[in-house]
Amino acid sequence: MKYDLIIIGSGSVGAAAGYYATRAGLKVLMTDAHMPPHQQGSHHGDTRLIRHAYGEGEKYVPLVLRAQALWDELSTHNEEPIFVRSGVVNLGPADSAFLANVARSAQQWQLNVERLDATALMTRWPEIRVPDNYIGLFEADSGFLRSELAITTWLRLAREAGCAQLFNSPVSHIHHDDNGVTIETSEGCYHASKALISAGTWVKALVPELPVQPVRKVFAWFKADGRYSTKNRFPAFTGEMPNGDHYYGFPAENDELKIGKHNGGQLIQAPEERKPFAAVASDGAEAFPFLRNVLPGIGGCLHGAACTYDNSPDEDFIIDTLPGHENTLVITGLSGHGFKFAPVLGEIAADFALGKTPSFDLTPFRLSRFSQ
């Protein structure tokens, strides 16, 4: 059998692509080296932020606004919502370049973002402490996503729509010829007209020339009470420290508040190098500088987890066809800020398989930018 689209890697982007391509009427085969959702990639740990006024640059805003519409639609397929509109407050020095990008994105796209000075911040959320020179940019329409529930939902919907799924079966080789794409797996060879490579952190095992660096990252849950929950209207947050370190976190659930540090981490070259949480001496204390200064009422570390970023050299996404192979799309280099975009990236992959022109300007995400 020849498929219209084979998906190599069915985590966040791959799961979304499988659903949207199958829903569009294509014959699709989803593959993964493990059984998604799983612990080997970048999607576990229950929650991920979604921000609209984007500190990483306004080129992302059209993508994230489309993603939000798709998240809202996906949430209707579950009793438990996938998207929680908790609001997100972005904290940092008034001269922060990241916050300047947030403000610029909000102005350009007329987004609902409120600017709060330090006094107003601490009045609205007495649990938060910031220096006098800090501001907060509050996005009331943003919030967080339940990442593993999202992937489970996409996989179920794709399967119900007739998508073939081959999991716990790593792809060992990809071959291109005039008839399309062939993949080799432990279960045999499979053929398709087109392929999506969304293999996440270890994409270089299949495409060694891609400029992607795996980075071991950790996040942890700390003791918190009801003051820090959505029931008390406590928001999700990002925070920039005076030294430039960036943190992110979520409202407390079941008296546990999850927080992680976005920058830093350990460069790794193989899956076995991603040691579990607490295997690196600094893991448990990584969030202390932020908690001690900004959320001093939070208690001790309860547990944590390790994940992996697939960083590109400039930490912007890679969305492009493989050089010399126009029938193979690569989506990688999501650099620790990609999950919120998963549905729109999956939709882009489905449009690619359908032969449609993308609805977005993907020029900033081309591979050619690294050879200029």
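Any Cβ shown, glycine's included, is placed from N, Cα and C.
Taken from Swiss-Prot, the feature FAD binding site covers 4-34. Annotation source Swiss-Prot lists S-8alpha-FAD cysteine at Cys307.
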Of Ile8, Ala16, Ala24, Val28, Cys307 (the recorded positions), the residue whose Cβ has the fewest other Cβ atoms within 10 Å: Ala24
C-alpha spacing of the residue listed as 'S-8alpha-FAD cysteine' relative to Tyr20 (FAD binding site), in angstrom: 26
Cα separation, Cys307 (S-8alpha-FAD cysteine) to Ala16 (FAD binding site) (Å, whole number): 20
DSSP-derived structure type at Ala16 (FAD binding site), helix or strand or else coil: helix
Between Ser12 (FAD binding site) and the residue listed as 'S-8alpha-FAD cysteine': CA-CA distance (Å): 14
Count of other CB atoms lying within 10 Å of the CB belonging to Ser12 (FAD binding site): 32
Neighbour-count leader, CB within 10 A, binding-site residues: Asp4, Asp32: Asp32
Local Cβ density at Tyr20 (FAD binding site) - other Cβ atoms counted within 10 Å: 27
